[in-house]
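If you look up TrEMBL, you'll see 38-66, 86-111, 132-156, 224-248 marked as transmembrane segment.
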Amino acid sequence: MKPAMETAAEENTEQSQERKGCFECCIKCLGGVPYASLVATILCFSGVALFCGCGHVALAGTVAILEQHFSTNTSDHALLSEVIQLMQYVIYGIASFFFLYGIILLAEGFYTTSAVKELHGEFKTTACGRCISGMFVFLTYVLGVAWLGVFGFSAVPVFMFYNIWSTCEVIKSPQTNGTSGVEQICVDVRQYGIIPWNAFPGKICGSALENICNTNEFYMSYHLFIVACAGAGATVIALLIYMMATTYNYAVLKFKSREDCCTKF
């Protein structure tokens with residue numbers, strides 16, 4: 001038989017736990033949320049969605065502009081059309097991959113954060129768990145470097161469209177001297193290497209160039225490429241956050257595994 005004082009103390013403890021109950025549970029759960037990984041996942045999904053969606057439509061608009069104005073012969077831009085079509089398929093793959101990878105990294109962040117904060121009991125982290133966490137660190141670093149290249153590549157069409165747009169603004173400016181001066185202002189897309197030098201006409205001048213800048217295809221493609229470039233930049237930032245979060249979690253898991261105080265991952 002337990003003494004009356006111990007029984008009363010246990011009853012008081014149970015009552016106090018019941019009173020705290022939901023609040024402590026919520027605080028405990030919120031303590032195990034990997035906020036860095038959560039922010040990175042939202043940023044990654046947003047950036048990849050902008051890059052893939054806007055990039056896909058912008059590439060289609062670019063082909064339309066080239067076919068209608070800069071390369072009327074289909075054989076001249078056949079290779080470019082195939083490359084752009086391939087890039088559009090690659091965009092589908094990138095969107096699918098990062099959707100799954102973002103979810104996996106977020107789940108890994110939940111597990112490692114819970115292990116680091118010891119929310120699930122006193123079990124040792126396994127070598128397999130640390131190996132998987134280290135693999136995510138390495139893969140995230142590789143993807144971060146790759147997306148730096150994607151970000152730089154996505155700035156190329158923005159630069160090209162900006163040059164065309166700025167040339168059109170020069171044509172519209174009142175400082176242009178007469179019609180003859182306007183017709184001498186040209187844009188030759190062949191110098192960018194996207195169509196061969198024997199493509200016809202390849203170069204557009206004067207009022208014809210101004211009309212191209214006023215078309216919906218040019219306006220939409222230009223702004224969509226800007227948004228796609230911004231999306232690629234947001235994805236790079238998200239991967240940098242992932243790098244820091246996964247590296248920190250892996251380092252703490254490895255350190256705590258030596259002290260026999262970490263939970264199972």
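Counting starts with 1 at the first residue shown.
Note that Cβ sites are derived from N, Cα and C of the backbone, with glycine treated the same way.
224-248 is the stretch from 38-66, 86-111, 224-248 with the greatest number of Cβ pairs below 8 Å to the transmembrane segment (132-156). Beyond its flanks by at least six residues, the transmembrane segment (38-66) meets 77, 80-81, 84, 87-88, 91-92, 94-95, 98-99, 102-103, 105-106, 109, 150, 154, 157, 189, 194-195, 212, 215, 217-218, 220-221, 224-225, 227-239, 241-242, 245 of its own chain at Cβ-Cβ distances under 8 Å.
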